[in-house]
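Input: a single structure, listed below in structure tokens.
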Amino acid sequence: MALCLGQVFSKDKTFRPRKRFEPGTQRFELYKKAQASLKSGLDLRKVVQLPEGENINDWIAVHVVDFFNRINLIYGTVSEYCSERTCPIMSGGLRYEYRWQDGDDYKKPTKLPALKYMNLLMDWIESLINNEDIFPTRVGVPFPKNFQQVCKKILSRLFRVFVHVYIHHFDSICSMGAEAHINTCYKHYYYFISEFNLIDHSELEPLKEMTEKICN
């Protein structure tokens, strides 16, 4: 029997504390609107569309933070099965390997165990979404000119989490009764990046068959 969402993805298994929106802000209201649409049972293709009169960068910011929270939660759930022994390389099967580079501690693409890669990835994303120069929260402060490029990079790297979880840990997801939840999260993510052309579709090749199965 499938477990309820609260049982499957418990808060104590998240990799990082959830990033929250300040009540009373426009972004908080957008977040509530997006969550209400999700819970209403509407077609996810429609849920991701930009609401009339809203700023596209605000809409993207809300979703990037939400996907960070939700994907972080999904990986936190299977992280106990993802060790240096079981996953010595951050990969998606035999064909795809992801190396870490951040321009600071890792100036060149570096092969790492999946768990180490995930830790660095979540730290990197968290530092970006908490940076007021990139994700401004104060009223009247504009987004930087490269905001969407930064978001594309974040979303591209979050996709790698889906790749690793689906290919290497899907049995664990199924054993917990969480298959429907991760599929819904992936569909939401996929429709959103497609709606706003936020990822080159060649990067989605590792999950092509899964995407065709659950998103078409």
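Positions of Cβ are set from backbone N, Cα and C atoms, glycine also.
As the structure is a computational prediction, the values presented were derived from the model and not from experiment.
Look at TrEMBL and you will find CYS82, CYS87, HIS164, HIS169 tagged as Zn(2+) binding site.
Its Cβ placed at the centre, CYS87 (Zn(2+) binding site) has 19 other Cβ atoms within 10 Å. Sitting within 8 Å of the Cβ centre of CYS82, CYS87, HIS164, HIS169, and not among those site residues for Zn(2+), are the Cβ atoms of VAL78, SER79, TYR81, THR86, ALA114, LEU115, VAL165, HIS168.
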